[in-house]
Amino acid sequence: MAKTYDYLFKLLLIGDSGVGKTCLLFRFSEDAFNTTFISTIGIDFKIRTIELDGKKIKLQIWDTAGQERFRTITTAYYRGAMGIMLVYDITNEKSFDNIKNWIRNIEEHASSDVERMILGNKCDMNDKRQVSKERGEKLAIDYGIKFLETSAKSSANVEEAFFTLARDIMTKLNRKMNDSNSAGAGGPVKITENRSKKTSFFRCSLL
């Protein structure tokens, strides 16, 4: 059967239990919202194909369990991820504080140049906010990561978040292909991991 997409990107949603990762996934993949989701057991995924710059990109989005007892299972999925969204709940201070621990997990288990984005979810619940937008932005700047506040319930910034991450991945792939073409003088293209550019790339376009 003919392939119906030009690229396949594997994305990962990580963060504490209850921050809304599953709700974000369902909002993006099915444009649906459900307040009765139970906590993810282990890992699950959804697929949505989008179009960017005339190319069809199949997004395979993995939703991971936030509980400690599933950590060994979920970290096994970090390695093949091309983009990772770190999600916290703006009404839950602890989930924000733990973003640093999740970043440490990425550094230990994921590819060194994986694209990352921090999402402050549940921004529709501003009356219960414990984490200011400014604190989220500062944390993102400190790590050289893009940042958005989202709401799976109202759908605010959900599309933008996934499209931005996909575009960043595609930009990186295109640059690697161009670099390979220049180096190979027309030879076969081989996409390789470039560890030395990790920090400088993320700081090109903040927030």
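Cβ coordinates are placed from backbone N, Cα and C, and glycine is handled just like the others.
For reference, Swiss-Prot has these:
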- Thr22, Thr40, Asp63: Mg(2+) binding site (BINDING)
- 31-45: motif 'Switch 1' (MOTIF)
- 63-80: motif 'Switch 2' (MOTIF)
- Thr72: phosphothreonine (MOD_RES)
- Cys204: cysteine methyl ester (MOD_RES)
- Cys204: S-geranylgeranyl cysteine (LIPID)
Original post:
What is the Cβ neighbour count of Asp63 (Mg(2+) binding site) at a 10 Å cut-off, with all protein chains included?
Top reply: 24
**OP:** Can you see whether DSSP assigns Asp63 (Mg(2+) binding site) to helix, strand or coil?
**Re:** strand
**OP:** Count the Cβ atoms, other than its own, that fall within 10 Å of the Cβ of Thr22 (Mg(2+) binding site), considering every protein chain shown.
**Re:** 22
Subject >> Mean of pLDDT values spanning the motif 'Switch 2' (63-80) >> reply: 73
Original post:
If H, G and I count as helix, E and B as strand, and all else as coil, what does DSSP give for Thr22 (Mg(2+) binding site)?
Top reply: helix
